[in-house]
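**Q** Sharing the record's features from TrEMBL:
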{"type": "TRANSMEM", "residues": "23-41", "note": "transmembrane segment"}
{"type": "TRANSMEM", "residues": "47-71", "note": "transmembrane segment"}
{"type": "TRANSMEM", "residues": "78-100", "note": "transmembrane segment"}
{"type": "TRANSMEM", "residues": "112-130", "note": "transmembrane segment"}
{"type": "DOMAIN", "residues": "158-387", "note": "domain 'Major facilitator superfamily (MFS) profile'"}
{"type": "TRANSMEM", "residues": "161-180", "note": "transmembrane segment"}
{"type": "TRANSMEM", "residues": "200-218", "note": "transmembrane segment"}
{"type": "TRANSMEM", "residues": "230-249", "note": "transmembrane segment"}
{"type": "TRANSMEM", "residues": "255-279", "note": "transmembrane segment"}
{"type": "TRANSMEM", "residues": "291-309", "note": "transmembrane segment"}
{"type": "TRANSMEM", "residues": "321-343", "note": "transmembrane segment"}
{"type": "REGION", "residues": "351-387", "note": "region 'Disordered'"}
{"type": "COMPBIAS", "residues": "375-387", "note": "compositional bias 'Basic and acidic residues'"}
Amino acid sequence: MGMIFFCSPIVSVFTNIFGCRQVAVVGAAVAFVGLLLSSFVRSLGPLYFTYGILFGCGCSFSYQPSLVILGQYFKKRLGLVNGIVTAGSSLFTITLPFVLDELIRSLGLYGTFRILCIFLFILFLAGFTYKPLMPNTKQSEKGKFKLPPAKEMCNFSIFKILSYRIWALGVPAALFGYFIPYVHLLNHVKERIGEHVPDTALILCLGITSGIGRLVFGRIADYVPGAKKVYLQVISFLLIGLMSMMIPLCRSFEALIVVCLIMGLFDGCFICIMAPIAFELVGAYHVSEAIGFLLGLMSIPMTVGPPIAGKLRDHLGTYDVAFYLAGVPPIIGGIILCAIPWVHEKRKRKEQATPVNGETTEKMLEIKPPPISDSYEKPSKELESVI
């Protein structure tokens, strides 16, 4: 997961140059090759390259375009669509552990890798459906490709937007404790309650309610105007933080079930509205960079949080302190995000009041969006108006 998010800033550059379709297809192909090669490796060292780098980078190149392309097709129902798309991962969270156990038992690890390549081949084919409705490359003439300047390929101008800077600070800050329950919860349950408990039930609870949360809150986000969608993310982080702190206080398996149900529900809320918030803060032309830079910043806290929690457990002999501390960053991050709607609305009012030749203007960024070239089809009126 860390490698998938870490590569996202680079993926945003390629997405702007080549488009969502090409990047997603190539990413799926690289991930396929990486996983297939991993099935023939018999030592740990080469797996760092085939599985860690090739497979991880390939998945990253496939993941981000799937979020960016939705904003080109959907406007009115963008939250619901993101909820439906991201709910797929919850479905596999529920079913895949049981399928993988059976596959590993019958085919072994390397045979399981080859079976999983089928899913990546499906992902490869699905990438061809990403028909672009907005330009992604600089073209001087129809059908003639021209590489854009380096300044436009690595477009850091979105960081001039204060509301985006706050978002890019608050979300990664919240994620220092985000993955700790997912990584260490089962070991904590075995230590606290015993080996006899059905620990897979906790994973099921997280997966089921996360899927429900993505669908429900994605639909709710469509009714929340503008940058106020951030308040849904604020609520999610606050409750995820509180539930993390509740884990050490649970003395029964039933209480842990309740905590996991709530945590999964608001985990789904946080995930499904990331792309809609990015569209609100920076606009459609720069959403690829916005998502890419955010995911890249998220990779660091998501990666370092669980090892720190494991180190605390080794030193203290219990996971209690790790879970208490895991609840602090989401709460701090949620508080930071509270400022975004006010800052964003203030900026919009200032831009609308700025006169240009007797008129008013609304610029999302100093760099103007590129014109649509003749090689791109114009969206139909239905897509522009109602979806």
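Using the three backbone atoms N, Cα and C, a Cβ is placed for every residue, glycine included.
Curation plays no part in TrEMBL annotations; they are all automatic predictions.
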**Q** Counting Cβ pairs closer than 8 Å, which of 47-71, 161-180, 200-218, 321-343 has the most of them with the transmembrane segment (112-130)?
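**A** The stretch with the most close Cβ contacts to the transmembrane segment (112-130) is 47-71.
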**Q** Residue list, the transmembrane segment (47-71) vs rest of chain: Cβ under 8 Å, 6 or more residues beyond ends.
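**A** Same-chain contacts beyond the ends: 2-8, 11-12, 14-15, 20-21, 23-24, 26-35, 37-38, 41, 78, 81-82, 85, 120, 123, 127, 130, 132, 274-275, 279, 284, 287-288, 291-292, 295.
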